[in-house]
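All remarks here apply to the structure that follows.
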Amino acid sequence: MKKVILVRYGEILLKGLNRPIFEDKLMSNIKRAIHKLGKVRITKSQARIYIEPLEENYDFDEALKLLSKVFGIVSVSPVWKIDSDFECIKENSVKMVKDLINREGYKTFKVETKRGNKRFPMDSPEISRQLGGYILRNVPELSVDVKNPDFILYVEVREFTYIYSEIIQAVCGMPLGSNGKAVLLLSGGIDSPVAGWMIAKRGVEIEAVHFYSYPYTSERAKEKVIELTKILATYCQKINLHIVPFTEIQLEINEKCPHEELTIIMRRAMMRIAEIIANKTGALALVTGESVGQVASQTIQSLVVTNAVVSLPVFRPLIGMDKNEVVDIAKKIGTFETSILPYEDCCTVFVAKHPTTKPKLERIQLSESRLNMEELINKAVENTEVLTITRD
């Protein structure tokens, strides 16, 4: 009998002939996620991944916590690996059940069996019936409740047999790095961290770009964005955060452009800078936290004018979500409490009181022609600070 970790994945199973590529990527990401906990053997078999510690006193709790944040994993379980012999299964199941009773005080149970090894002489229902009866005879304080048991004893009969009682849900999605790279425009608000998490869930690596308007925004605002990046890195393992000095550009726009156009012209400048960084880092798309109609710069007309300034595709994972839905995800992934800290970002300074909601591209381009934008953008890119944020 040996304690190991069972990893389940879902969407990867639909990938046909390319499935091994995604499985190998997931196994690589798993190895990176838990490498500091000690040496392990990672294997795959029959749509499962098994992690077998090679050292004593392995920290299973920490490993399970880390694995639950690895994109591509549906769920994980600490399991006992035993021989696929029914006598062995019965004896070890009783040991596990008695241990659970001592720790948790359970009174009722049921057995669920999956038989992947078709050479095993009993089918799944028969295994469950006979094993359940054996447990009842040897653990008289337990009773069966098939509808609402205190715990379920899971049995998977494969080349080896795996018994367990705990299933820990993970984040699902696709393995990080299996779908290229994108640049996330990361503010200090609620929306953009959620957008970054959602695009990363689809297997996309992130380069984050934050626009910093010192002294109009404080050092604490910068620290807040770094903290948000750290939270995202617990899922993404590593994120490069590009902190772009944006004050001169905002001052230029504020001085020379119609007040109602400030926001849309500022957004277009951000997109241009983000695209330059994307081209430098090999990213293939831009990602924002915009949602249709949420604010003036996020009407369909405004989004069309914003998109027109770049050639890369712009992904908006939150496009059809309302604020409550976004907040729910922010709370789930751990960014919400940091996002609501009351520190200004560049989007909250030089704000138009009555921003245009139906901008015309030709008029915006005419206003931009009054600006020394090329020089200011190049200067901002040259003076960008890059921080590498890791999950460790």
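The first residue you see is number 1, and the count goes up from there.
In case you wondered, yes, glycine gets a Cβ from its N, Cα and C as well.
Taking the Cβ of GLY289 (ATP binding site) as reference, residues of its chain lying under 8 Å away and at least six apart in sequence are, in sequence order, LEU185, SER187, GLY189, ILE190, ASP191, SER192, PRO193, VAL194, ALA195, GLY196, ARG316, PRO317, LEU318, VAL326. In the three-state DSSP reading, GLY289 (ATP binding site) counts as coil. Swiss-Prot lists LEU185, LEU186, HIS210, PHE211, ARG267, GLY289, GLN298 with the feature ATP binding site.
According to Swiss-Prot, the feature domain 'THUMP' maps to 61-168.
Using a 10 Å Cβ-Cβ cutoff, LEU185 (ATP binding site) registers 22 neighbours.
HIS210 (ATP binding site) falls within a strand segment according to DSSP.
Over the domain 'THUMP' (61-168), the average per-residue pLDDT in this prediction is 97. Sparsest Cβ environment among the binding-site residues HIS210, ARG267 (other Cβ atoms counted within 10 Å): ARG267.
Secondary structure of the domain 'THUMP' (61-168), assigned with DSSP and counted as helix (H, G, I), strand (E, B) and coil, comes to 41 helix, 34 strand, 33 coil.
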